[in-house]
Amino acid sequence: MLAILRPYIALYKHYFWQILCGLSLALLTLFTSVFLLSLSGWFLASTAVVGVAGLYTFNYMLPAAGVRAAAITRTAARYMERLVDHNTTFKILAYLRTLAFRKILPLSANQLAQYQRADLLNRFIVDIDALDHLYLKLFSPIVTALLTIGIIFIVLSNINLPVALIITIILTLTLLVVPVIFYQAGKELGKNLAKQQSEYRLLLINYLQGQAELTLFNAQSRYRHKLDELETNWLRNQQQQSNLMALSSALVLLIAGFLTLLVLWLITQYTLSPLVALFVFVSLASAEILAPIPAAFIFLGQVLTSATRTTAIFNQTPDIKFVSESESQKVDLSSAMLQFANINFSYPNQPFAVLTDFSLTVNQDEHIGLIGKTGCGKSTLLNLVNRAWEPTSGNIYFNGTPLNQLDEKTLRQAIAMVPQVIAIFSDTLRQNLLIGNPQATEQQLIEVLKQVELEKLLNTDQGLNLPIGQGGRALSGGEIRRIGIARALLHNSPLILMDEPTESLDQQTEQQIIQLIKQTCKNKTLIMVTHRLTDNPLFDRVISLNS
Ligand SMILES: Nc1ncnc2c1ncn2[C@@H]1O[C@H](COP(=O)(O)OP(=O)(O)OP(=O)(O)O)[C@@H](O)[C@H]1O
């Protein structure tokens with residue numbers, strides 16, 4: 001268990017002072033609680049003893065002021081403790097989330113393919129969120145309770161060692177044994193809850209994304225039934241978890257009550273010093289010290305599952321490694337010549353080779369059309385140039401330098417890609433274009449929109465700030481391709497890769513796009529995957545991958 005949590009606990013050293021401050025405030029809160037209880041108890045008992053006779057002789061003011069001061073200090077300290085602890089937790093979560101993002105980004109398509117998108121999102125949000133229990137509900141209360149018990153023992157042992165020992169032993173045993181019982185009782189439940197939460201999100205996201213199809217095929221209710229079933233089970237488990245938590249609080253209260261009775265009995269039995277009455281209040285307050293801990297252990301199963309799932313992401317090392325900028329070979333980026341030398345490639349766990357001993361030289365400013373039967377490996381070839389995948393053997397050279405000796409920035413500068421499916425982000429037209437080149441000026445953006453014949457998108461009051469994508473202005477298939485081409489043009493790289501840019505377009509739009517590519521790629525090297533021989537006039541050479 002510790003091995004799973006160690007990497008996350010190790011993070012706490014970066015937040016040492018904040019954690020120390022949080023712990024001190026937690027201690028202050030607990031001690032003012034004990035003090036408040038003791039003083040109020042004493043005050044009530046004393047006023048009862050002196051009765052009306054003490055109206056003019058008993059000093060009511062000082063203890064009353066003490067009670068008020070303790071109550072205010074307790075509230076303020078609790079508030080400050082929550083503020084500091086939550087701040088620390090948010091900082092830790094922010095660090096973990098940034099780390100997870102940094103780990104996910106360089107993973108290859110193959111590595112990411114093992115996760116469903118919704119599952120990845122789940123790990124990123126829910127699992128990392130669950131780790132906040134670790135500090136807020138486990139680490140901080142346990143350390144505070146241990147310190148409090150230690151300090152209570154030191155103070156009480158000076159008054160009466162045997163009773164102090166009895167209280168300390170009972171509190172320590174409760175701290176050690178009760179959480180273990182509740183951890184065991186809640187372990188499976190926690191695992192199931194983490195799993196069910198993740199499954200529910202996955203199913204819900206699929207349901208929402210595929211709602212149009214589900215409605216068209218009248219399959220909504222069947223899918224909904226699955227979702228409802230999962231939700232019912234999930235709620236049942238949540239209810240069981242709440243029952244366990246209630247049971248843990250009841251048990252802790254019972255132990256605190258028992259301890260109080262025991263101390264009272266000891267005082268009356270052995271007529272101990274009146275100061276020992278303080279022990280009664282400590283026993284009463286012990287419920288506050290211990291109560292959060294068994295409940296936290298019920299969540300431990302969930303935290304462990306989330307930690308395991310998060311660590312699985314953190315431990316992935318990218319399949320494809322880029323050399324650093326300082327190690328990178330310098331290449332000329334004003335033009336592009338590409339050589340494929342004896343490339344062999346097969347996808348992991350696939351029995352057949354997609355490319356076998358493939359060699360080709362694409363000269364500077366040459367336009368190559370890649371054709372071949374569906375599934376023969378055309379898109380794969382472009383992805384090898386992009387280094388989304390690595391050839392099993394053989395090398396690809398850009399202007400004479402092997403691709404794997406270029407750092408990522410240089411490679412991305414060298415290549416612009418128009419993929420088969422172009423992502424339109426739910427953002428403004430401007431931001432969607434700036435993906436191609438964040439430094440592009442307003443004038444360049446307008447110019448490129450004219451080049452790809454999309455200037456009509458500027459005919460609104462919003463201009464480049466027109467929202468597009470989900471929730472914004474809808475774009476036709478041809479317009480989306482043009483946005484893809486516009487991004488590639490803005491990128492201004494010497495090599496352009498296009499994966500079926502005219503696929504599923506009508507003949508007229510297809511011809512317009514071909515003309516557009518012809519014009520805009522005049523002084524660039526182009527490799528374009530196509531199924532259509534009508535694209536032929538665009539190419540200097542057509543390469544068939546079938547042969
Ligand atoms: N990630 C992957 N894992 C395993 N096999 C894959 C993967 N991607 C593609 N393939 C397989 O590799 C082969 C080549 O795929 P690729 O997409 O390169 O073909 P293509 O020639 O571009 O096809 P199309 O013309 O239909 O787009 C196909 O048999 C495909 O099923």
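Each residue's number is its place along the chain shown, starting with 1.
Using N, Cα and C of the backbone, Cβ positions are placed for all residues, glycine too.
What TrEMBL lists as transmembrane segment is 15-36 (among others).
What TrEMBL lists as domain 'ABC transmembrane type-1' is 19-302.
Per TrEMBL, the feature transmembrane segment maps to 42-62 (among others).
The feature transmembrane segment is assigned by TrEMBL to 138-157 (among others).
According to TrEMBL, the transmembrane segment annotation covers 163-183 (among others).
Positions annotated as transmembrane segment by TrEMBL: 244-268 (among others). For the transmembrane segment (244-268), the list of distant contacts is 163, 166-167, 170-171, 174, 178, 182, 185-186, 189, 276-277, 279-280, 283-284, 286-287, 290-291, 294-295, 298: same-chain residues at least six beyond its ends, Cβ to Cβ under 8 Å.
Long-range contacts of the transmembrane segment (274-300) within the same chain: residues 1, 30, 33-34, 37-38, 41-42, 130, 133, 137-138, 141-142, 144-145, 148-149, 152, 156, 159-160, 163-164, 167, 171, 174-175, 178-183, 185-187, 189-190, 241, 244-245, 248-249, 251-253, 255-256, 259-260, 262-264, 266-267, each at least 6 residues beyond the stretch ends and with a Cβ under 8 Å from a Cβ of the stretch. Per TrEMBL, transmembrane segment is recorded for 274-300 (among others).
Marked as domain 'ABC transporter' by TrEMBL: 338-546. When pLDDT values are averaged over the domain 'ABC transporter' (338-546), the model yields 89.
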Using a Cβ cut-off of under 8 Å, list the residues of the same chain at least 6 residues beyond the transmembrane segment (15-36) that approach it.
67, 70-71, 73-74, 77-78, 80-81, 84-85, 87-88, 91-92, 140-141, 143-144, 147-148, 151-152, 281-282, 285, 288-289
